[in-house]
């Protein structure tokens, strides 16, 4: 998620990645019910609200307390915000008795620019701050706490699995040895240690490690899988799913999810079956509507958009 909305927070000024395209892919209906699963600073939510009619409804979700504070600036009666992880979206929808009535769900994955740019959140190796990295600072272990408790093998696994870090074992050993003598509590301490321990100089050596630790601390990939399953459960017939991912691990999950639910049962070629008959066999429930990537102009304006991929799917009607 790279979400920077000019009208919400004066401290962060740039535009949400693929803003128009992601919302257009929802195929907004005047009286529809929509979910913005990753409110951030409200860029997508505001655009959705601008396209809804008086009877429309938008439910936003975010687990970041700062996003919840930003959402309080929206006083539109069609809008509501839920403080919690987007992986629980099906639970929220069940509580509202709206299962099967959601016309569109937008998910903008990963960490937002306000989170990256705020040194106190501890997400960035470019800014010195507390070594935290939690999306919701009130829950779970901080990055510093986890690195103090974890074994070298566990740290290496995280760096390799979620950061595709080729020097994972070397870096993990250096982290554990440093924490035994002088525990790290600041992002700069970790970034400097990784830079000194890594022979890789193509880009900042800490890039992959910070990504990996952040993904692990926040259970990001598991959260995505649960959110997608929840979206599949609650979407109305012909309801749309619009998902923006920012690295290959995220996009692979989204792509495989859409592919899995778009694949019908294996039946002999030429056998005349209707969509309803195929569904009764436990088959196809989604169809892919395509994918998009940012153009050169958007990347030039917002370099963080470079790796983003937007994928669309539609719930097959009953």
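Including glycine, each Cβ sits where the backbone N, Cα and C put it.
When 30, 62, 128 are compared with the S-adenosyl-L-methionine site residues 42, 43, 44, 86, 108, 115 in Swiss-Prot, the one appearing in that site is 62. Spanning the residues 42, 43, 44, 62, 86, 108, 115 that the record associates with binding S-adenosyl-L-methionine, the maximal Cα-Cα distance equals 17 Å.
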